[in-house]
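Here the structure comes first, spelled out in structure tokens, and everything after it is commentary.
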């Protein structure tokens, strides 16, 4: 029996439309704020507000799914995102956009947890890997499509918000024709997340997810601003962001295969080293396209390899708790990365974006080069 049943395909179609909307806004929001002459640190704070919403959404998703089920939770999350998107048209100021992007972040995290949980529930032990692989491919495909759209449509706020909101509402339609059952909360044992964060054997994976969050959060939130300050148009920024994400898609399969064959520790070391090389190449004003390509290949594949490292350290009954802990770790990194980096960029130079990325990557590389039994982390028990 195929893993891609009719409900699964409909769910992935909805996710594709939703992800296109996310990608468009994640690129244009910092550009719109920059056009309004807001300082760089405020642009970074708005990006961090979105990731704060991601963290809150991750924490409340389980209870919402238990109370409402997959379908209703999905529809309400889409409505919340559409409302938060329309709110951007009311006024372009720091405080209101801080709130609207927070609610958008909550909605996005809810959608991610809902889709992932529904796919895992509908799959079996033998095909869950295929389902999650399809999930990642659809997510990145939607991200690239959103970036490419910026080159063919108007990027003015009042032009973009209506069709993006309509796209989100359209993303609700596929799940009107599919149903995902959810067990009662009494059938699901309580899962503690904090002990997973303290697990010594998984510390490299947990730290890797934090570093991945810092890296990708900074790139998503501040790279459009960096490119805009280099004199690029909004359409050009979209093309460069599409190249970055496309390289992440290309790198998924071969890097995953290498991690299975040669070991995740070796591959993590190579990935982090390549991230440092890509950052140095951009700082040195070398060819931007190859530098962004290798940065995307290594950076966008860091999270799944680190996640696999951590998940192989726990038993099957603890996988859900570990996955939730890793997503929280990634979100914390995504929250702190743009905040710290934007403050440094505002005070010193836009080049601090890639200096920061190279710096945190170097710290993680030093951890990876130590023997596993010598690792220390702020989360791991000592």
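Every residue number used here counts from 1 along the chain in the order it is shown.
Cβ coordinates come from backbone N, Cα and C, glycine included.
As recorded in Swiss-Prot, the features of this protein are as follows:
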type	residues	note
TRANSMEM	8-28	transmembrane segment
TRANSMEM	41-61	transmembrane segment
TRANSMEM	73-93	transmembrane segment
TRANSMEM	94-114	transmembrane segment
TRANSMEM	133-153	transmembrane segment
TRANSMEM	157-177	transmembrane segment
TRANSMEM	208-228	transmembrane segment
TRANSMEM	235-255	transmembrane segment
TRANSMEM	274-294	transmembrane segment
TRANSMEM	295-315	transmembrane segment
TRANSMEM	325-345	transmembrane segment
TRANSMEM	349-369	transmembrane segment
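When Cβ-Cβ distances below 8 Å are used as the criterion, the transmembrane segment (133-153) is approached by residues 3-4, 8, 12, 15-24, 27-28, 115-116, 119, 159-160, 163, 234-239, 241-242, 245-246, 248-249, 252, 300, 304 of the same chain, each at least six residues removed from its ends.
Through the fold, the transmembrane segment (8-28) approaches residues 50, 74, 78, 81, 85, 104, 108, 111, 115, 118-119, 122, 131, 134-135, 138-139, 141-147, 149-150, 155, 157, 160, 164, 167-168, 170-175, 177-178, 180, 220-221, 224, 234, 237-238, 241, 245 of its own chain, all at least 6 residues removed from its boundaries and within a Cβ separation under 8 Å. Beyond the transmembrane segment (274-294), the same-chain residues lying 6 or more positions past its ends with a Cβ under 8 Å from any Cβ of the stretch are 215, 240, 243-244, 247, 302, 351, 354-355, 357-358, 361-362, 365. Long-range contacts of the transmembrane segment (295-315) within the same chain: residues 136, 140, 196, 199, 201-202, 204-209, 211-213, 215-216, 219, 243-252, 255-256, 259, 264-265, 267-268, 270-272, 274-275, 278-279, 282, 321-323, 326, 330, each at least 6 residues beyond the stretch ends and with a Cβ under 8 Å from a Cβ of the stretch. Counted over residue pairs 6 or more apart, the CB atoms of the transmembrane segment (325-345) and the transmembrane segment (41-61) come under 8 Å in at least three pairs, which marks the two as touching.
Beyond the ends of the transmembrane segment (41-61), by six or more residues, the same chain brings 26, 29-30, 33-34, 73, 94, 97-99, 101-110, 113-114, 213, 217, 220-222, 225, 324, 327-328, 331-332, 334-336, 338-339, 341-343, 345-346 to within a C-beta distance below 8 angstroms of the stretch.
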